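**Student:** First, the structure itself, so that you have it in front of you.
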């Protein structure tokens, strides 16, 4: 048995399996446990049978005993699984119980959406504001709608019957996903739906569609920190047998009545499906084995930044964490479940796809399930597993019926599938205008394009279409619907168990993220120590009102420090929202069972943070020593922390966007801070804004803290000339209610806010949906092609931007010219691209080994060694003009090998020799001549397709290539991969907006091709593409190879034609070992000859796909059956020796050759890199309304709010308190706007950073030009923000209108916002994710607050901390603002002191040193910008 571990996987060694009597013995020895729901009514109704079920023994089998392994197992094969299914069904048949089934009907189903067409759909700042105004005008019926209606599905009709597998085919964009969503009842409310959909004759309002059907999305959404086992286990715990319990109960009752002895194997399985806590574990293990995920069960799922399982394994995981499919009971005993699965084969090899589909097919056929599965490139053997076909094209159903009649239908239209072309490929191409002609059987002279609408109409006249129409006319007999088929309850498990599952997961996530919380606590400890030493009790006395205000300042600072620490909660909440919305919509759980654990489980963190703060600061600073008052302070701060965390969670759920959430959160911090009663006392708040004071949680916290402290015995002494105690005077001077009851009022209000914010959080989670564009903006070219395919006529855009029919060809006309030109276009080589020179290179690698540090999970399991080896002694060569396929089952290590060879690994240990053209590989030069198409399509979301290609070509093509040649080169490859219709389409974020999956894949390929590389690595270039698009891509790749380039591709599901377009094959098996490296030969003859010569390997069938056969005969199961170690067979072969000789020959430089050498490190100069990066950032920012537009909106709101709250404060100079209020306005405004800029820019940096990692690995540019581009693009937006804010606030606050004072105000605000923005960039650059950057930055926000000069003047800062005052950027901002506005004012206060003298004596500000403050703020902006650049240069947080 092979104990090795795959790339990205942790291998869980399979336990020995026992059968028959061992299973029965395990059952008899298992302890007793309760069933899912203990219902006394069942006991009364069913008597002894119910008691048997109520005390079902949990099938907790001893080690070495498991449920039978279904298809794809290491021991038990397809026949065993099928036998098990028949045996299971026999349980019900022999007692006369009919299993529930579902028949889905849809009639005249139409789905329409509205979308902007062309540039109007780009999310620019102007378009965003225009859309808002347009929406308001539409609401008031002042204007007409400018969106264009798009028909997604048109008059779709059909019947999906039980016991039959239905394959949904269609090119991307044809409406497959919309049809599946409509049938599953999960279409978004933003689209218009008409027509009828019924389940067993019942409309969807009569049952719960999400519980009666399961939709599996094509996008992988999982919590990256959880392991595969934990992900499936959670899914299993949230699902249940539900109504099927009664069905099983009836089965047992009838068995007892008829004295039938249960079969041990099926009886164990039945009990596993109906027991309580043990069910999830058994179900999880079963699913892991069904999907071949047991080898990576204890590996975290991972994401783009966190290394985890492979892409194919994620697809398997996604396919079986959908509701109703995730438990073994529901997978094997579908019992009336309707499955709708969307492109589940993406990233899977053809063998794994076949095994999974075969498992589903056997289940559907035997147990009467209903399934519709959309596949893009099904292999012929996978295609044969289906009974029915639904073929969509441009929203039209062109065929829906038995698979046996589909070729007959198209033959009646004059089309025939060609030899060696898969039927599925033929069906997807025959409706395409560019591919239809090749299948015409009556000669080219008679051909004219038959549009989609004509084919759809012809199907209605075909006998299959007529039969469906006739059957739909007869209503379904509702009496035939099984009572257990359609679910009327929302959840399959009682809410108590669902809540427990969420609590367990939340605790698990808390442990996985413990470093973040520990780091957060350590930083709070640091801030507390600093505050303690600044406000040390030896400098803090209880002898004056001024010192009393200092103590209130400490309390204010403490609340701010704890409040800023709560910001980390928002980042964590945002990160989990996509997974939450997916699981909520699929009815895994109600929102409250998610929100309650996320609140309660985090409570100890708030408790710990509060203890840290109070224990460090309380007694050292000199608060009242009474232990009760210490506890009271702790209680207020703890409850306030809980309220603030609830507020930030609520903001995250409300905004659902990291950038918008950051902006809104800072706005809320501003409101609660300014309205707290500290910056402006209650007496100074305007009457019309007093509501803000009464609604601020911070006000209640400060009131409670102040009353607790200043009504204590420590403040009971009266000052000379006053009768009232000093503490009472302090409270009255700041407008605090001097009554003891206000402690309890404040605490009660905070508790109310805790409940309010968490209730609002739950409500938002319950009613809102994930922010995404349900209908992507459509380019005019795309809409034009869609209409041309539908009608057969050329389309012309009207003057208003709408595409209208232009009948350039009559119905009887011949459009051979257009069609033939398209056909020629598709097959033409890259003639224009070939004019660009390149240096052919070849690569050899010998004895490559790659290992990582042993994961903790495996150490716990007892695996020895300090490292885990993922690649083992791999050797091979890639040569110019040779197209090499790198293949193996999912998780074999293909991507890992590509990463190692391309130099993309950022961690782990690599051993072995790699040469390029005979010389040792140097990564810097190799990156210049290589391209890497990554499996994850990572692009800048706010660029268009053409701009993305332009940026890549601009920075990667040699500097001597002029712009016109570069443009021609780009256009050539856009034509080759058919991106011209998408030229002006926005790339967007995967799964949320912009391009579809297959469009992004083509863009990924084009981005690398336009760099004109000599050697290209392609990781699954055809994954996510339909057969036609895959053929286009591979045709393009073949053309590139024929030019003399070296290309190696990992590929999963090649058709025969695509597979045989490769020249050589590098085949790997699990464990990272090679089992075949050599030529394919004509019709794969060399490959077939090699494997058929091995004893025990079955012969390939005639017409069978060699790639599928190859994976089948070399799988782990076959190795165990035949006893053949394919790795050892290869190493003992003559082929291996020939390869070693070839590697030895190619590893030596040829005579007259020279090593790769470039005069410069990058293709373009530093200046060009800066210009290109600035060009890209300018476009990205202009199309980023959540960042720019929202920022401007809140800037205006904050300016008006502050101007109102501090109205005329600049003219009030009659008292020191008035000046302090003016200073408070400056302090709060610069901090609020600054922190808003700093926080909102961090998600922007993080989103683009994944793209930056890819581009830097390609040596497109140095990190410094990238950083400079992002810094410079901010400057005009900051200037506009400063201008908007400055003009509003300066005039409303009544500062003196002189050119000098206004200039200095704008100057300091501009550079303050600049250094805050650049600080946010730097924080993001120095940390791995948004949550961590929030923790780091908020720590410095708190310290800057402390040393800003407002809470404690410079003159009163202890000498040992005064040095930090000089390096605190905010201190220089406050210095500059106060000095420029009041440093030259000769007016006197009521006590006779001049304003300028007070500014100098109290604050230590000197007008003569104003230029120093100006230089300081400029220096900080430059410093943070430089540090941002170096953070990108020095740190790489991508784990690969």
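Here the Cβ of each residue, glycine as well, is placed from N, Cα and C on the backbone.
As the structure is a computational prediction, the values presented were derived from the model and not from experiment.
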**Student:** According to Swiss-Prot, which listed range is transmembrane segment: 1147-1164, 1165-1182, 1219-1236?
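**Tutor:** The range carrying the transmembrane segment annotation in Swiss-Prot is 1219-1236.
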**Student:** Examine the ranges 1302-1322, 1386-1406 and name the one recorded by Swiss-Prot as transmembrane segment.
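**Tutor:** Swiss-Prot lists transmembrane segment for residues 1302-1322.
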**Student:** Should anything in the same chain at least six residues away from the transmembrane segment (1332-1352) have a Cβ under 8 Å from its Cβ atoms, list it; otherwise answer none.
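**Tutor:** 516, 519-520, 523-524, 526-527, 530-531, 534-535, 550, 553-554, 556-557, 560-561, 564-565, 567-568, 570-571, 1223-1224, 1227, 1231, 1235, 1238-1239, 1242, 1246, 1319-1320, 1323-1324, 1326, 1361, 1364-1365, 1368-1371, 1373-1375, 1403.
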**Student:** Tell me the Cβ neighbour count for residue 891 (ATP 2 binding site), meaning other Cβ atoms within 10 Å of its Cβ, over all protein chains shown.
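**Tutor:** That number is 30.
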**Student:** With DSSP assignments reduced to helix, strand and coil, which class does residue 889 (ATP 2 binding site) get?
**Tutor:** coil
**Student:** Among the binding-site residues 890, 895, which residue has the fewest other Cβ atoms within 10 Å of its own Cβ?
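**Tutor:** Output over binding-site residues 890, 895: least Cβ neighbours within 10 Å is 895.
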**Student:** Cβ neighbours within 10 Å, counted over all protein chains: which one of the binding-site residues 888, 893 has the most?
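**Tutor:** The residue with the most neighbouring Cβ atoms within 10 Å is 893.
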**Student:** Going along the chain, which residues at least six beyond the ends of the transmembrane segment (1410-1430) come within the CB cut-off of under 8 Å?
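**Tutor:** Same-chain residues near the transmembrane segment (1410-1430) but 6 or more away: 1263-1264, 1267-1268, 1270-1271, 1304, 1307-1308, 1311-1312, 1314-1315, 1318-1319, 1321-1322, 1325-1326, 1369, 1372-1373, 1375-1376, 1379-1380, 1383.
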**Student:** How many neighbouring Cβ atoms, not counting its own, are there within 10 Å of the Cβ of residue 894 (ATP 2 binding site)?
**Tutor:** 29
**Student:** Across all chains shown, how many C-beta atoms besides its own are within 10 angstroms of the C-beta of residue 889 (ATP 2 binding site)?
**Tutor:** 26
**Student:** Suppose we draw a 10 Å sphere around the Cβ of residue 892 (ATP 2 binding site). How many other Cβ atoms does it contain, all chains included?
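**Tutor:** For residue 892 (ATP 2 binding site), the count of other Cβ atoms within 10 Å is 28.
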